[in-house]
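A.B. asks: Taken from Swiss-Prot, the feature ATP binding site covers Lys557, and the record attributes it to sequence analysis. For 880-944, the entry in Swiss-Prot reads coiled coil. According to Swiss-Prot, the feature motif ''HIGH' region' maps to 42-52. Marked as motif ''KMSKS' region' by Swiss-Prot: 554-558.
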Amino acid sequence: MEKTYNPQDIEQPLYEHWEKQGYFKPNGDESQESFCIMIPPPNVTGSLHMGHAFQQTIMDTMIRYQRMQGKNTLWQVGTDHAGIATQMVVERKIAAEEGKTRHDYGREAFIDKIWEWKAESGGTITRQMRRLGNSVDWERERFTMDEGLSNAVKEVFVRLYKEDLIYRGKRLVNWDPKLRTAISDLEVENRESKGSMWHIRYPLADGAKAADGKDYLVVATTRPETLLGDTGVAVNPEDPRYKDLIGKYVILPLVNRRIPIVGDEHAYMEKGTGCVKITPAHDFNDYEVGKRHALPMINILTFDGDIRESAQVFDTKGNESDVYSSEIPAEFQKLERFAARKAVVAAVDALGLLEEIKPHDLTVPYGDRGGVVIEPMLTDQWYVRADVLAKPAVEAVENGDIQFVPKQYENMYFSWMRDIQDWCISRQLWWGHRIPAWYDEAGNVYVGRNEEEVRKENNLGADVALRQDEDVLDTWFSSALWTFSTLGWPENTDALRQFHPSSVMVSGFDIIFFWIARMIMMTMHFIKDENGTPQVPFHTVYMTGLIRDDEGQKMSKSKGNVIDPLDMVDGISLPELLEKRTGNMMQPQLADKIRKRTEKQFPNGIEPHGTDALRFTLAALASTGRDINWDMKRLEGYRNFCNKLWNASRFVLMNTEGQDCGFNGGEMTLSLADRWILAEFNQTIKAYREALDSFRFDIAAGILYEFTWNQFCDWYLELTKPVMNGGTEAELRGTHHTLVTVLEGLLRLAHPIIPFITETIWQRVKVLCGITADTIMLQPFPQYDASQVDEAALADTEWLKQAIVAVRNIRAEMNIAPGKPLELLLRGCSADAERRVNENRGFLQTLARLESITVLPADDKGPVSVTKIIDGAELLIPMAGLINKEDELARLAKEVAKIEGEISRIENKLANEGFVARAPEAVIAKEREKLEGYAEAKAKLIEQQAVIAAL
């Protein structure tokens, strides 16, 4: 084997070999259980980020683990067309390169442009996924707009429409005036901002008076421009100030519209003035109030967010109405919405109706892609009736057919599903699945799989002109069909029979509603088993947290704290990293701050760590459902782990290749150390499998690390040396056999988390075991064997380790050179302790570097010594001639003084109010941690001073 571990040399060639050999495919053995994971499809033109790397590492670990258990495994891969995101990228591209808009191109040509862009950049993410070692079946790769998936989408739309579960209606949506499309709640970013609350007088009609004798109500609003669309004023029915006015009217300022006063819980007595203006066409809460009181809806805005020239008036059901005039005062027509706000306030003030303006903290919705304030807008959209679909989806989780890990996310799911709103599925975009609906000139709507079918079903001749709906479906609509459409539905395929329901879905909790819930609803509606019972899309939902930076901040381009997973694999220089973080930024003014932070954090750029180290770190940080603060130190630690495993394997191979390892017979004697490591490994297998089976990848990674680093490398390899340097033939054969057996098993155990290094080493080790198989990927996963439990070997070895560590600690504390042989005396020995010493003198002398071992008679106190107490004995190391008492005390005093200096430095820092107020929580916690560490170190040194002073 190469002297040093170089992941760059082994990873890519190995992956290409695996893929070419077809190892990632299902084994097709239908007598075995199936195990299937559907990858959450990343955006086709996107690139891999830490969230992908994290979730995909977890999925690949599960898939490799199940594949090694002989199951028929499928990891279904594919990408998402990502409607709005992809369209925006291409719009920006043609604007920058050609100075054109999509309208200059026209719909067909612009869509061709997007397909071109997909062909050009669509391979980036799948290339990057290969670099992670993902063992997905590439031959089955799907795209949400490929022909098969597009047919499935049409099929679902048509069937739901025919079942009256899809309808077209006029409803309020989140409208992005910049992108001119409806967007989902997930694409709305709520920002806290400082605003105002305007208090405006609305004169009472018909000579009515309020309880305080005034002839007006004062209405509080944060959006005075929408006053032009008011159709009511709400007061709380319990409010003594106003309850007698319910059913009376006010005259709307500026417009002179006569609008009713309604009693509604939506008006809080304590908030503002207790009177709320109701604008059903421009506010989600008002829309609901309007429905409860049958108030008309008046839309005053264009799709660009400007004031219309004349308003649109609708009744509660969304039909056009003439109950109110559609006139808008000329001075406000065509004004941009925020200019209109100023103009309305000025006009109200001029009439003497502006009572006061108060500062007010409010939450303002922004479109996360367009970056402008979102407007609730009354538009014609297509909707899915969600309550019918939600009922079985709630029951599936209630009765345990689907389980969430961790369980607390079920509550989040229930709270949303039990209060579900109809789902707006239409988007005013060009890129996506076009809605399969056609209109004739009279505005009648026909839904079908294609125009030909529509004409045939509805007996429409060629003389009837039809135009297809311009809108496309919400991206989440096609994603909701992902688990079954990718397996060939609506055809009844073998794949669907074998792999559906899938086994586990790995997802972030932020998309429980947008994706997880909708997959459950759609799947249970369309997929039934042979008895007609609805099928679930998956049995388990494993929820991951978000990956944040080391200070707990969300990773984002604007913060400049994004780390590309492949930069940790391959390494990146500081100039390249700076270019990546500050090049073509949306907000260039942040570049300087980002540059400084990056230079401080990565003065030399990022070193290459290899894929296995990245995967190990991700697995180790995967504590269920919690957000993860990324830690470069952990990544370095796991790269060191890979080096340690590599070097340990070289040691094993150097000592066993060309030797008789007992795989072809011959007498074998196992030493205590051999018996111990076999028993220890057996226990490790049990604990490790339990961790993987319960989705505790963090615990599994910890078990693997602890066994490999501490038990196998640090202890067992050392404990083999006495046998290697002087054992009998049978003993040598026993130790060689154990070394190879445990290493080979360990490589299989570790393979799901660190596939590249384990395969590379295993190819050498398998020869010694007489294994002829091609790849570790298809080897059986290690199994716990209850008959291999060896309590005696475990107990005896733990005792020896205790004794060796005690001697090593005395050396360190007394500053004795590691190579100097020592005398060891044992006092007050139990029978077990004496037996253990007598049976294992060779081990003890070699590993603790001892010149002699003497068990003292019961009444012998022994010479002046440093002592340590272990189980069933007291260890003594005589100090005569080993240390100079005065020098040693002086050295310790110096150490104590140095540590006291550090302690007072940190204490002063933490006492500085300015530092505590400014520094991030994480930095303060780190300082406190350091302080604790120094305090412990000082206590230990003082203890040592006392021991030496007493000699």
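Every residue, even glycine, has its Cβ placed from backbone N, Cα and C.
Would you situate these features in the structure and describe their surroundings?
C.D. replies: When secondary structure is read from DSSP and collapsed to three states, Lys557 (ATP binding site) falls in the coil class.
If you average pLDDT over the coiled coil (880-944) in this model, you get 86.
A Cβ distance under 8 Å defines the sequence-distant neighbours of the motif ''HIGH' region' (42-52), meaning residues of its chain 6+ beyond its ends; these are 79-82, 85-86, 89, 117-118, 121-122, 124-125, 128-129, 132, 143, 508, 544, 546-547, 555, 562-566, 630.
Within the same chain, residues 49-50, 546-548, 581, 585-587, 590, 630 sit at least 6 positions outside the motif ''KMSKS' region' (554-558) and bring their C-beta atoms closer than 8 Å to a C-beta of that stretch.
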A.B. asks: If you run through the motif ''HIGH' region' (42-52) with DSSP, how many residues end up as helix, strand and coil?
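C.D. replies: Tallied per class, the motif ''HIGH' region' (42-52) gives 3 helix, 1 strand, 7 coil.
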A.B. asks: Over all shown protein chains, what is the count of other CB atoms within 10 A of the CB belonging to Lys557 (ATP binding site)?
C.D. replies: 16
